[in-house]
Amino acid sequence: MIDQAKKIYISDVTLRDGMHAIRHRYTLNHVSQIARALDEAGVDSIEVAHGDGLKGSSFNYGFGAYSDLEWISAAAEAVKQAKIATLLLPGIGTVHDLREAYDAGARVVRVATHCTEADVSRQHIEYARGLGMDTVGFLMMSHMQTPVGLAQQAKLMENYGAQCIYVVDSGGAMNMWDIAERFKALKDVLDPATQTGMHAHHNLSLGVANSLVALENGCDRVDASLTGMGAGAGNAPLEVFIAAAERMGLNHGCDVKKLINAAEDIVRPLQERPVRVDRETLALGYAGVYSSFLRHAETAAKKYNLSAFDILVELGKRRMIGGQEDMIVDVALDMAKGRVLPT
């Protein structure tokens, strides 16, 4: 049973994870308009960055239309209540980049690592705490760790100073029982003062359900995005999640109608590729593949006259993770040369 009196921290990711859906091409006007709408609707924080975090703009991940600092500044100037958050992946972004993001207006940082590599986050978490930022540990591809193993990684992040630890279903590959087991494991080892969060992807159409199950198991913060704008089939759609929470009598603090209008009037028209469950995005959840591989796999499939579905399934078989985007072309070349049989 979910505590109806407990305030759910609503973390919007339309302006960070949503970058993947449009190849990191938001204009500054888009950012201002979306941030203002989210702020007026009552969300607690708005994450802003290249889809792959601070300094993600690159040949490997895709170049952004603007710099992270320009996007963050535009969002910070547009809001009155919501905190501006950002994402940092050690090895891509540095503490110097984090300082610049802080100066531009970011007050929350999520330090993201693969679910087996929490130890690389220490420097960044400690630095963020030194700045006085709300500091979050973000364990990506959480389906690739056992619940106990994930909890051990979460404990490392807590020891470094993280105030909240996220279960991150980057592949949209987990079901409700997977989520429940991981939150129970985290709660068994973390200090009661350390919060937990849920970042869902909708590749198996379970983004909202998994977020609700997370809340049922003590989760404090929930990520979501307008129309689900995000990598793959997107994240838990914010307006849908809030509508469901409203019907359950949960304390979310948001205006449902304003979110629905922002989703339909502002965000959906920006989608060059519909953010939905289809053959390719379902492959991500089915094969347990990093959701941001989608657009890269589709590009490779077109170039080499292959099926994006088959490329994604093969990537899942090889257990590729975020940061190995260059391997998508290698897999496509192997398939084109007949070294790998189609699924």
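Counting begins at 1 with the first residue displayed.
Glycine is treated like the rest: Cβ placed from N, Cα and C.
According to Swiss-Prot, the feature active site, proton acceptor maps to HIS20. The feature substrate binding site is assigned by Swiss-Prot to ARG16, ASP17, SER170, HIS199, TYR290, with sequence analysis given as support. Residues or ranges marked as Mn(2+) binding site by Swiss-Prot: ASP17, HIS199, HIS201. According to Swiss-Prot, the domain 'Pyruvate carboxyltransferase' annotation covers 8-260. According to Swiss-Prot, the feature site 'Transition state stabilizer' maps to ARG16, an assignment based on sequence analysis.
Feature map: Swiss-Prot annotations on the structure.
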residue : record                 : DSSP class
ARG16   : substrate binding site : coil
SER170  : substrate binding site : coil
HIS199  : substrate binding site : strand
TYR290  : substrate binding site : coil
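Surrounding the centroid of the Cβ atoms of ASP17, HIS199, HIS201, where the record places Mn(2+), the chain contributes additional residues within 8 Å, namely VAL13, VAL168, ASP169, SER170, GLY172, ALA200, ASP223, SER225, GLY230, ALA231, GLY234, ASN235, ALA236, SER291. The Cβ neighbour count for HIS20 (active site, proton acceptor), using a 10 Å radius over every protein chain in view, is 25. Annotated substrate site ARG16, ASP17, SER170, HIS199, TYR290; additional same-chain residues within 8 Å of its Cβ mean position, judged by their own Cβ, are VAL13, HIS20, GLY51, MET140, VAL168, HIS201, GLY230, ALA231, ASN235, SER291, SER292. A separation of roughly 12 Å, to the nearest angstrom, links the Cα atoms of the residue listed as 'active site, proton acceptor' and TYR290 (substrate binding site).
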